[in-house]
Amino acid sequence: MSSPSGGEDSKDDEKDEESNRLLPLSSSSQSQSLQSEDYSDEVAFEAREKIVIVDVEGPDSIDAVDYVPPFSWRKLWLFTGPGFLMSIAFLDPGNLEGDLQAGAIAGYSLLWLLLWATVMGLLIQMLSARVGVATGRHLAELCRDEYSNWARYILWFMAEVALIGADIQEVIGSAIAIQILSNGFMFLFLENYGVRKLEGIFAVLIATMALSFAWMCGDTKPSGKELLKGILIPRLGSKTIRQAVGVVGCVIMPHNVFLHSALVQSRKIDPQKKARVQEALTYYSIESSVALFVSFMINLFVTTVFAKGFYGTPQASSIGLVNAGQYLEEKYGGGLFPILYIWGIGLLAAGQSSTITGTYAGQFIMGGFLNLRLKKWMRALITRSFAIIPTIIVAIIFNTSEASLDILNEWLNVLQSMQIPFALIPLLTLVAKEQVMGVFKIGPVLERVAWTIAVLVILINGYLLIDFFISEVKGLLFGFLIGSGTVAYVSFIIYLVSRCGTSPSNGLSLELSGRITRNGN
């Protein structure tokens, strides 16, 4: 029989062995982590920036691969953020102009279309989030490895063009609001304060828009009966087709599809654990649905205000983002808090928040397509300079009169409409591939629904393009250039569609395997 002292020595030896066994592993894992940060590809969020999702279950359930924890309000709160940042694109100044023009020209008759267009946009954004969560990479990174060099450079260029177009509208929208309020503010390098604080800033901006436009709606007292009829009863007249096309076309913003797939990676999720991925997708679906419901209500407020005040009036056809505040003041006067300033506050919040999300999207798009290995501040400087310099030049040239701004906005809407296929087609191609998504690839029914929505949106925007060019393109040379560009444009879309049935490159498969392994560690 061993003595008590011998037993204690044995226990001490076991503890020493355990300590020696764990310490090398710990240092080794730290070394691997540092090496992966130094040599890995550009990522949306560094490991230290990601929000850790805290579990209320025991350690056994946390480590289980297939265990799906029960619903938790606390976890929903931790996952809340990316969907609201994504929803800003549904509330940018270009969308608000589409809302007010739809209300002024079509009255309440297009509210049903606004509702279903938002539902279609929700489906597309949920697919974007699905790609980001299931693969651990965002759409621009996946496109970099899915397509050949010449194709990915074209996709990158088209995404940047769409972003520049959105930036111009946002800068103009902010400028109009600042002219109204005689004051303004800018946010610089907000992401340095952490993802959660940035999301809080956006929550304040969205709440500002919601309160401002809800106040306007309450002041104008729209018809509740007509509002319900507009939402529940589909109506479409020959005189409102252009506004209907604008309502649907404004829902899907190309840069927003890239953005959402990156934002969802701000939470620490292990792609190797199927249950954890499924849990994240569930919470993100709930959060995105709530966020887009809020955006729908804000768009609804704007549409009903202008439907109540200007539908059937001589001003209906001439009202736009530039003169909307003045028309509102003339129609409804001052009051305790003049409606002109309420409109200005909401418009400023829309322009500022959209500009910040544009900054985020620009970093992810350029970093993903070009695989930029730069410090974050340098990447932000380069990506924003690439977009904001042409934005400022164009805004200065056109910001001379209401007529020139209206013409600019029409061209910008056309520009962004042209970019929609170059975000939707790669997204639907990748989300349906088992080699990319694994068990989280979408099923055949959802795939058909998604492609139906994509084709519908592309055709609607195609109608807008044809209608615009028929009315605006004059002259043989200009017509020849537009025709040649159209042939190249359609040819590239055909190429992208033809890639839908092909397998991803070996590089993409290796990249995904490596990323999953690093996330698992």
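Keep in mind that glycine also has a Cβ here, set from the backbone N, Cα and C atoms.
Remember, predicted model here, so these are calculated numbers, not experimental data.
As given in TrEMBL:
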COMPBIAS  22-36  compositional bias 'Low complexity'
REGION    1-39  region 'Disordered'
TRANSMEM  76-93  transmembrane segment
TRANSMEM  105-129  transmembrane segment
TRANSMEM  172-190  transmembrane segment
TRANSMEM  202-221  transmembrane segment
TRANSMEM  241-259  transmembrane segment
TRANSMEM  280-302  transmembrane segment
TRANSMEM  340-361  transmembrane segment
TRANSMEM  381-398  transmembrane segment
TRANSMEM  418-437  transmembrane segment
TRANSMEM  449-470  transmembrane segment
TRANSMEM  476-497  transmembrane segment
Positions whose Cβ lies under 8 angstroms from the transmembrane segment (280-302), at least six residues beyond its ends: 53, 75-76, 79-84, 86-87, 90-91, 95-96, 99-100, 103, 111, 114-115, 118, 121-122, 125-126, 129-130, 133-134, 206, 209-210, 213-214, 216-217, 260, 264, 267, 269, 440
Selected stretch (most C-beta pairs under 8 A with the transmembrane segment (202-221)) from 76-93, 340-361, 418-437: 340-361
The transmembrane segment (105-129) vs the transmembrane segment (340-361): 3 or more CB pairs under 8 Å: no
Interface check, the transmembrane segment (418-437) with the transmembrane segment (241-259), three or more C-beta pairs under 8 A: yes
Cβ contacts under 8 Å made by the transmembrane segment (76-93) with residues that lie 6+ beyond its boundaries: 51, 53-54, 118, 121, 125, 129, 166, 169-170, 172-174, 176, 195-196, 198-199, 202-203, 205-206, 209, 251, 253, 255-256, 259-260, 263-264, 266-267, 280, 283-284, 286-292, 294-296, 298-299, 321, 347, 350-351, 353-354, 356-357, 360
